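Now, the feature entries from TrEMBL:
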BINDING   Cys63, Cys64, Cys128, Cys158  [4Fe-4S] cluster binding site
DOMAIN    63-172  domain 'NADH:ubiquinone oxidoreductase-like 20kDa subunit'
Amino acid sequence: MGVNQTVARLMNNPLPEGRVDDILRPEGENPLLERGFVTTSSDVLLNWARTGSMWPMTFGLACCAVEMMHAGAARLDLDRYGVVFRPSPRQSDVMIVAGTLVNKMAPALRKVYDQMPDPKWVISMGSCANGGGYYHYSYSVVRGCDRIVPVDVYVPGCPPTAEALIYGILQLQKKIRRATNFGDTKTGQRDA
């Protein structure tokens, strides 16, 4: 199955087969729902709201940034997913790093990441951002932006297509849906 078919299938139902994305639907019998009350957990509700309003900040460094612009243009239109590009790190919660990260730009990347409010996520887009790519053995290239900031989703390709970026955003939305917000970490251990 190609990338286009996978993205088309995920656009219709980004969850596994047979499961509907409805936070208000109970998994089992719920007598409160039969009486007209809607129940959900705060984690599920917050994560659902976060996936529907992701505001990425572009950190375009090379040719992958053109594909990022293509994803936001009229044909694919990321706005229908609630993804609205923001010009400032203080207004964004997702950073898309696209292109070759060099040693001189690494402190600026970290500074922009530190200015973003919590919770924040990073998408590494393209071979150069993922591991140095074509310029891996250059003296001035950082071999992956994950050495500077923590990366949540890697989008492979040189350059990756706009559809691949959309697939990466859908994967990030799935990751956000599975996260816990209050008290417990992903392993079930209490925060200290």
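Just so you know, glycine gets a Cβ as well, placed from its N, Cα and C.
All features noted in TrEMBL, drawn onto the structure.
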| residue | record | Cβ neighbours (10 Å) |
| --- | --- | --- |
| Cys63 | [4Fe-4S] cluster binding site | 14 |
| Cys64 | [4Fe-4S] cluster binding site | 26 |
| Cys128 | [4Fe-4S] cluster binding site | 29 |
| Cys158 | [4Fe-4S] cluster binding site | 12 |
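Note: the domain 'NADH:ubiquinone oxidoreductase-like 20kDa subunit' (63-172) comprises 48 helix, 16 strand, 46 coil (DSSP; helix = H, G, I, strand = E, B).
Excluding the listed site residues Cys63, Cys64, Cys128, Cys158, the same chain places Ala62, Ala98, Gly99, Thr100, Met125, Gly126, Ser127, Ala129, Gly133, Gly157, Pro159, Pro160 with Cβ atoms within 8 Å of the centre of the [4Fe-4S] cluster site Cβ atoms.
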